[in-house]
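Report on one structure; see the data block that follows.
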């Protein structure tokens with residue numbers, strides 16, 4: 001059974017991100033566009049809470065139900081919410097195209113109802129040596145966010 005979800009990002013940057021998963025064992029396809037980012041890499045994560053009442057701050061930390069250290073999307077030991085970076089060309093629109101095998105739209109660890117956050121700085125993927133590398137990837141301020149909601153198929 002296919003599950004689809006969508007996230008409308010608001011804040012200093014704006015965008016729409018779509019999620020699609022064919023079944024519980026398939027990767028999640030993440031596609032969309034974010035507008036207003038400065039040229040360069042920007043951390044892109046699923047955060048624990050679907051609470052944006054205090055802007056992106058109330059979304060909490062990265063979604064990490066297993067208590068792992070922060071890492072790259074290709075790492076087996078990482079937060080479930082660690083989706084790495086999106087790259088802005090500086091022309092306004094940044095395309096999002098990710099296929100991820102760890103996040104899911106099914107079951108107790110579903111990302112539906114949680115928040116996507118776009119950060120100001122590059123995610124160092126847990127390898128930067130900064131005191132925040134193993135928790136946030138030292139990705140900086142939260143520029144925009146939105147709650148991931150289920151879609152009609």
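One is the number of the first residue shown, and numbering goes on along the chain from there.
Cβ atoms are placed via backbone N, Cα and C, with glycine included.
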Further binder of Cu cation named by Swiss-Prot next to 45, 47, 62, taken from the candidates 18, 119: 119
Per DSSP, three-state class assigned to residue 70 (Zn(2+) binding site): coil
Length of the line joining the Cα atoms of residue 47 (Cu cation binding site) and residue 82 (Zn(2+) binding site), in Å: 9
Whole-number Å value for how far residue 145 (disulfide bond) lies from residue 45 (Cu cation binding site) (Cα to Cα): 10
